[in-house]
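Among the features that TrEMBL reports, domain 'Amino acid transporter transmembrane' is placed at 2-346. Taken from TrEMBL, the feature signal peptide covers 1-18. What TrEMBL lists as transmembrane segment is 47-65, 86-105, 111-134, 186-210, 230-254, 266-289, 295-314, 326-347.
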Amino acid sequence: MMILFLVAIISCYTGLLLQKCMSVSPSIKTYPDIGEFAFGNKGRILISIFLYLELYFVAIEFLILEGDNLHKLFPNAKIHVGCLKIVGREFFVFLVAIIILPTTWLRSLGLLAYVSAGGVLASVVLVCSVFWVGAVDGIGFEEKGVIWRWNGLINAISMFTFCYCGHAVFPTICNSMKDRSQFPKVLFVCFILSTMTYGSMATMGYIMYGQNLMSQITLNLPKGKISSKIAIYTTLINPITKYALVVSPIATAIEDKLPLRQSKFIVSYFIRTFLVISTVIVALVVPFFGYVMTFTGALLGVTVSILLPCFCYLKIVKTPSYLEVVFIGVILVFGSSVSISGTYISLKNIISHV
């Protein structure tokens, strides 16, 4: 829990650094704009690569999450397509992709935001449902596990960073506000509520299942209970409501690079469909929720949410205080060590299981 709070504080601070970078010039609207202002075109390209890769892997995680939980609800589901037989988790990954695909064709981010708002309510319902399973449905809160494991430290930090990797959209949110000076308050409230949600779910998972806790707590829940079904169905809502928001910036970036004008909408549909298909393929080839989360958090989450904001701030703001420089230096050392070791460990785990 102390490490979770530490990562939350660091991530919130680097979010504030992004806002300070934006306040230097009114021409800075997005995260890539910050990179270009700090390091020129190379900075824009570098940040864009990490930014869109992070969003891409989050979309993959959504599909893995959906496949795992639907397979728990309906373990015997299968379908025959000609001579091809699709069973279990793979069937549900395909099914969810088909359901999600039309939402990726929507052009209005405002409409997508309203759809995604359902995910906020879903998170609250999920925590309450898991608590109900432990308190009322007989699971209890008596399990114990190993308090501290050194070999799990880097994985834990990488996963925590994944949970706070919203920095890709922070500049866009700040720029869209009527009063940009209110952004720090929005950030604080967001991080406090998120940390309360993560912390309560982590605590319940530990004292309900101990060392037997799986990568997703919904996979541990008893099948026959109504509260378990509510928790699992609620878990399924989040990816469906948020997948399009995650994929849309990637598609828009690709579309903006194309010179086509007359058939732009047709090309847009093709690009977004291709993105969905590609995420399905990766989710089927690497169906390891925990390991993919660790990899994404270590390589992309740490880079986008911790390292790049610090580098850009030091480059853009010419006269930071001595205390700021020292604090940012500690953050850079911490982030670099987690990124290198976490990426190595997660890739090793993925390759061995594949």
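Heads up, residue numbers simply count up from 1 along the chain you see.
Quick reminder: no glycine exception, Cβ is built from N, Cα and C everywhere.
Curation plays no part in TrEMBL annotations; they are all automatic predictions.
Count of Cβ pairs under 8 Å against the transmembrane segment (266-289): among 47-65, 86-105, 230-254, 295-314, 326-347, the largest is for 86-105. Within the same chain, the transmembrane segment (47-65) stays apart from the transmembrane segment (326-347): fewer than three Cβ pairs sit under 8 Å, each pair at least 6 residues apart. Through the fold, the transmembrane segment (326-347) approaches residues 10, 13-14, 17, 154-155, 157-158, 161, 291-292, 294-295, 297-299, 302-303, 306-307, 310-311, 313-314, 320 of its own chain, all at least 6 residues removed from its boundaries and within a Cβ separation under 8 Å. Same-chain residues lying 6+ beyond the ends of the signal peptide (1-18) with a Cβ under 8 Å from its Cβ atoms: 31, 34, 153, 156-157, 160-161, 163-167, 170-171, 174, 184, 187-188, 191, 194-195, 198-199, 202-203, 305-306, 309-310, 312-313, 327-328, 331, 334-335.
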